[in-house]
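Trainee: Take a look at this one; I'll ask things after.
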Amino acid sequence: GRAAACAPTTSSLLAAAVGTLLLPLTGGNWLLQCSSCVDQAYFADDKIKENVRDADLPVLLAQLKQIRVREFDHREDEFYNKFFSKRQLGIMAHEVQPIMPSAVALLPERRWTNAKGVSNMTKNVMLLRDSHLLMAAIGSLQHLAARAEYWDSTIEKLDKDVVAIVEEQTDNRKKREDMIDQIVRTVAKVEVLQFSHAKTEEGFVRLDADVGRFRSEQVDNHAAVLLGLEDGRNRTIAQDAVIQAFKDEFREAVDREARADLVEKRKASEADLEVANVKMQIEKLRWEEEQKTIQMREEEKRNSEEHSSKLHQARVAHELAQKKAADLELLTEQEASNIRQEEAKRAGEKELLLLRLASDERRAEMGVQEAIERAKVEEEAKIRSARENEDVNTRHMRAEMQEKRAQTLAAIKATADIAASWVSSVYSSPGNLLLGIGSVVSCIGGVYLAREMAVLLREQLNKRLGRPSLVRKTNRRGFFQESTTWLLRLLRLRKPRGAEFDDVVLHPKLQAQVMRLADATRSAKRRRMPLQHAMFYGPPGTGKTMVAQRFAEYSGLEYAIMSGGDVAPLEEQAVTELHKLFTWVHRSRRGVLLFIDEADAFLASRKGGLMSETLRNALTTILYHTGTPTSQFMMVIATNRPGDLDAAVLDRLDESIEFGLPDLDARKGMVKLYFDMYIAKPLRIEWKRPPDGKDGKKGTNGKASPKDLAPQAAVPAGAKAGADGKAPDG
C-alpha cells in the first residue's frame, strides 16, 4: 500500500484528473436543471447524436499547448466573485479563436446590470465553449497517458537489455579468465619444456666432450699400459736371458766348483726377480685406482648437473607463479575498469536516449506546428493569388475552352464526312447495302451468342468442377466416383454404411450424444425435414473435425470444411466469398454439412466494439443464410471458446456437444486401435487371449474391451501357427 501510494499508475492519474475536471459539473449547479442552459456534450442521449468518431488527440494536445493562460483584472465589479480578488486566471477568447475555432462563438449582444442598477449592453462578444476545452484537456491527458505508458515500457525494455548485457559481460569475463589461465599454464609448460630441452642439449654436449676426453685419456692410458707391458715384457725377456745366463753360469760354476759365493749370487738373482714382480703388481694397482677415480669424478659431475637442473626448475616454477598472480591481479583491475566504463557508458546512453526522446517529442510538436502554419500560409497564398489573378485565370480558361471546342468541332466534322462518304458508298449499291446489313446483324448475333455460351459454360464448370476458395476440404464426388464407391461397398471391399464410427474412440456419454444427433440428422434427411445446426466445443485435439467428417458420412451428407481464420484476410471480398460458398452448398444433391473450424475468429460477439466492419458484414451474411430452416445444409461450428460467440449465432444453434479430454479407458482404446492398425496388421501380430475364455470379455459395442486386451502379451501369427503343429506361411 505504501509503494502504491508513492508511485500511482497512469490509469489512476487519468481517473483523478478526469474526476477533478468533472467535479464542478456534478455539484448543486442550478444550470443542470435546464437542458437548454447546459452544453449538450454533458448529456448521454446518444440517440440524437450523429457522425460520432474518435478525436485526433495529438492535434488537441498541440492546440492546448498554444493556448495562453493569462492573468487579468475586471473593470466591472459584476464580473468576479466578491469573496476573491479581482486578479484572476483566464483565457482570452480572441487568442483561442485562431487556434481552436470550434471552441469560440460570437454573441451578437450581451446585456448586464452593474451595481448601480444601470443596464449595459456589449455587442459582438466572444464566448468560450467550456465543454470543448474540457474535452480537449481530457483527450490530451489520454494522449499523454498513452505516451507515458509507451515510455515506461521502453525504459523497462532498456533495463532488461542492460541486465542481459551485464550478465553477458560477466559470462565473458569468466570465459576470459579461464582462457587466460589455460594460456598461462600452457606457456609455463612450454617454458619448462624449453629449459629442460636446453639443459638436455647442454648435457649431451658436455657428455660428448667428456666422452671424447675420456676416450683420449683411455687411448693414452692404453698406450702407456702397452708401453709398460712391452717394457715389462722386455725386462722379463732380459731377466729370463739373465737367468738363463745365470743358470748356465751357475751350472758351469757348479760344474766348475761348488763354492759358497755362487749360492749367494743365486739368492740375489731370486731377490731381483721378486722385486720385478712386485713392481708389476704396483703398476697394475695404480692403473685400477686411476680408473676408479675417473668414474667417481664422472658420477659427481652428473649429480651436480641434476641438482642444478632441479634448482632451475624450481626457480622457473616460482617465477611463473608470481607472473600468474600478477597477471590475475592485472586482469581483475582491467575487468573492474571495464565494468566502470560500461556503467558510465550505459548511464550516458540512457541519458542520451532520454534526451533524444525529449528532442524527438519537441521536434514532432514543432513539425506539427510548422505544418499547420505552412498549410495556413499556403492556403492563404493560394486564395490571395486566386483573388488577385481572377481575371487572368478567367481569360485563360475561356481561351482553353474555345480551343477545345474548335478541336472537338473539327473532329466531329471530319468523322461526319467519313461516315457520310461510307453511307453514300453503301447506299449507292444495293449489294453493298445488303452485305453491310448482313455483316452487322451477323456480328451482333455472334457476339451475343458467344457471350451467352461463355456465361453458360462458366456456370456449368463452376457447378461441376469448381469449389469456393473458403472450402479447404470436401468429399463431394461426381457420378463416376459415386458409382465406384457403391460398387466397392457391394463387393465388400469398403466398409458399409453405418460403420463410420467403428474406428472412433469416444467416451460412452459423448458417443451416445453424437450418435443420437447423427441418427436424428439421418432421419431428417431421409424425410426432407429441416436439418439442425450444432456446435462442437472443447480443447484442441479432441477430435471435433474427425467426428464431423464421420458424422456427415454416417448421415449421408457431403461435408465441406472451412476455417474462420480465412475470412478476415479477404476483407471486402469476404461477403462475396460467403455468398459463393452458400450458393455452392445449395447445388449439392445430397445436402452438405458445413463445418466451420475456429468459428470465434469471425463469429465473435459484437458487444465489445472491436470487430471490424468487414467481419461484422461477414457475420451478418452467415446470419442471413442460416436464419431460415433448410434441409439443404447443416452448419456445425467448432470453437475452443464458446463464450466469445455472438448471441445471434448461438441462437441459430440447436445442439451443443462438449468434447473433453479422453479418460483412461478411452486412451487405452486408442492405443489398442492404433496398435492394431499400424503394428499388428502390417506385422501379422494378433492379441493373445486369456486361457479361460476364447473371446474375452465383450465391451459395449460387441468387441473385446481394451482393459481385457491391453495387458495381454502380443504373439506373432507365425509363432501361433507353429505352436498348433502347422508350418507358418512363408
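The first residue you see is number 1, and the count goes up from there.
Every residue, even glycine, has its Cβ placed from backbone N, Cα and C.
Remember, predicted model here, so these are calculated numbers, not experimental data.
The feature signal peptide is assigned by TrEMBL to 1-28. The compositional bias 'Basic and acidic residues' annotation in TrEMBL covers 296-309, 688-698. The annotation region 'Disordered' is assigned in TrEMBL to 296-315, 688-730. Residues or ranges marked as domain 'AAA+ ATPase' by TrEMBL: 530-663. According to TrEMBL, the compositional bias 'Low complexity' annotation covers 710-730.
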Trainee: What else in the chain is close to the compositional bias 'Basic and acidic residues' (296-309), if you only count residues 6 or more beyond its ends and a Cβ gap under 8 Å?
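Mentor: Non-local partners: 196, 199, 203, 206, 210, 214.
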Trainee: Could you pull the average pLDDT for the domain 'AAA+ ATPase' (530-663)?
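Mentor: Mean pLDDT across the domain 'AAA+ ATPase' (530-663) comes out at 91.
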Trainee: What are the DSSP helix/strand/coil residue counts across the compositional bias 'Basic and acidic residues' (296-309)?
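Mentor: Tallied per class, the compositional bias 'Basic and acidic residues' (296-309) gives 14 helix, 0 strand, 0 coil.
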